[in-house]
Structures are given as structure tokens and as C-alpha cells.
Amino acid sequence: MGEHPSPGPAVAACAEAERIEELEPEAEERLPEAPEDFDPGSTGYISTGTFRSLLESHSAKLDPHKREVLLALADSHADGQICYQDFVSLMSNKRSNSFRQAILQGNRRLSSKALLEEKGLSLSQRLIRHVAYETLPREIDRKWYYDSYTCCPPPWFMLTVTLLEVAFFLYNGVSLGQFVLQVTHPRYLKNSLVYHPQLREQAWRYLTYIFMHAGVEHLGLNVVLQLLVGVPLEMVHGATRIGLVYVAGVMAGSLAVSVADMTAPVVGSSGGVYALVSAHLANIVMNWSGMKCQFKLLRMAVALICMSMEFGRAVWLRFHPSAYPPCPHPSFVAHLGGVAVGITLGVVVLRNYEQRLQDQSLWWIFVAMYTVFVLFAIFWNIFAYTLLDLKLPPPP
């Protein structure tokens, strides 16, 4: 029988990428060798000329935008060689910083039209393109996302959190007989989800307070921001990364209150919401020329006005005469904790689409800062309340 022709490197790389995703993390770091037909010296490199000819022969098997990325990779190597590892990393969606820089450099030489100029797209394709332009500052990343997104899994994290918040609010509204300014009801703080300074040893309250809102006016803005900002961010960056930023903002919010506003309870998801929105706005400002979302200045102004109004409402409520003295109304400091997380951890996440966070030095710096803050807040909660001889409001 005759010998079967060997598969092309593009096909082999796709198979290699699927195999890489199934390996253990430490195995992923091993450098694959280029096929012997194209790298007889086993150097790990193939020539750009060979690479271009392979792209032409296998172009029908690649999405047009991914083929454009590969051409950008070829154009970025002036020395005439391409690292096979970069090729495999691209096909397996595990791009390194050096690879990103190579793509950006090569992309400057491409003359193809922008994704925004493409016609004849379906409604779902236009939606994906809209999300790409809302969240990503680089055209090459927008095209890569447009070709790669499959809506599997859907943005389940933000949708699930939002539905739970609405469900708990409706349940409390019916049980209390009050929907506007629920927080003023004398029985409001008796709920086991609310963070209360006298019950701070119940650790779940540092997170579950997000399911309790001060009223429909509080819930409404948080839900709108979660859906308009959180869902598109999750579609691009995934539930793991966006969920991490959101939960970190929630935790930072309650811990910040326990340190800076020690006698006040906490309710609402503003810590997580402000973490996401602050990260998104900071990412837009830092990549202003690259962000192509429409009316970005006007929309940023509207977002900041809405956030300021919500923060102002929280400050007013905090110092308004309490409905259950001597315990004050819920604190506003959680908002500030969320903003701090958003402009640190959140910005690093949003600026590194498809990049491994563990390769980013800023990521580890901010993770260390966040860890120090959490440990400080834990020790503060254990010792400071006693040492300061602080008079706390009685348990609800």
C-alpha cells in the first residue's frame, strides 16, 4: 500500500492544540517540536517562506481573521524564522506576551478592512461584533474574539447572580410588605444574609450581603450595570476572570466596612458592581485611542453620573436617622472597596485578553496587595474591636 501524505502543519497544530488542552498544567509548558519535514535541524523554528506557503495551501481550513493573525505573525519576524511554539500557542488560545507583541507589530502591516466595515452579518454576528468593540481596544483582538466566540458557555455568572438578587429582593419585599427603602423596615436587619458588625464571626455574611438591597432604587441601578457592563465583559473574558473580579470586589467591600465604618451593617452588590464598572472605565481611559465604542465620552459621563448618584444615595442613607437605633443604616464604604479592586486587579484582567495572568508582574503585585489587605482586615476584626473598646449596636 502507498504511504499516506502527512497532514499539513496547520491541521497538525490544531490537533496539537487540542492535545495540549488535555494535559496537566506542567505539561503545557513543554515546548513542542516542529515537524521534521519543515525543521530538519530540530531547532523549534520554521522559515517564514515555508509558513506562508503552508497558509496558502491550507487557507480554506482557517477562519479569515485567524489567517490574518497568522500572516501578522509571519510579517513580524524580520529574521525569517517563526517559533513553532508561537504557532501552537495561537491555535490553543494560549498566547504569550512576546507573541502578542509580535502580532501587534505584524498587524500594522496588514491592509485588510476593519471588522466594523464588514457587511452582511447576521443579528448574532452583529451582537458579537458590538461586544468586541465595547470591550477590546485592539483590532486584532476584536477579530480573534469575533471568530472564536461560540456562546458556549453563555455568560452564566452575571445572569445567575442578577436573578438571585432579584429573587431575594422580591421575597423580602413580600415578607416585609415594603419595596421602596426596604432598609428602613425594623425587621430588615434580622435577615441572616446581611453583614452586621455584631455577627461578623459568621463568615458567610461577608459575601451573602449582596443578595440584600436597600430598596428597589438600589437594586435597579446595580442590576442595570451588571447586565450592561458585566455580561459583555463576561462574554469576552469568561466567567472565571469576571467572577474573580466581582467576588474580590464584594469581599473587599465588606472588609473595608469592617475596618473603616465599624458600627455599620452592609447590604447590596455595589462592591462587585463598582469593581467591574471601575475596571471597565479605567480600561477605556487607558486605551482611549484604541477603544472604538460609539459615544464613549458621553457614555462614560452617564456611567459616572449614575455611579455618583448611587454613591450619594448611599452616603445620605448612612447618615439619615436610623429606623432601628442605635444601629445605623448600611455603610457606603463598600462602594470604595469595589472601586479599589476595579482599578487594580480588574484593570489587569481587562487589559490582558487571552493572556495568561500568571505571566503579568502587575497581576502578582496587586494579588499580593489584596492578600495583605484581607489578612490585615481579618486580624483587625479579631483584635481591634476589643482593643478599641468599641460600643457596637446590639444584634438584630
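Here the Cβ of each residue, glycine as well, is placed from N, Cα and C on the backbone.
TrEMBL lists 21-33 with the feature compositional bias 'Basic and acidic residues'. The domain 'Peptidase S54 rhomboid' annotation in TrEMBL covers 201-351. Summarising the annotation, TrEMBL assigns transmembrane segment to 242-260, 266-285, 297-319, 331-350, 362-388. Look at TrEMBL and you will find S270 tagged as active site, nucleophile.
Counting Cβ pairs under 8 Å that are 6 or more residues apart, the transmembrane segment (362-388) and the transmembrane segment (242-260) reach 3 or more and are in contact. Sequence-distant contacts of the transmembrane segment (297-319), counting only residues of its own chain at least 6 positions beyond either end whose CB sits under 8 Å from a CB of the stretch, comprise 183, 214, 217-218, 221-222, 225, 229, 261, 264, 270, 274, 277, 281, 284-285, 328-332, 335.
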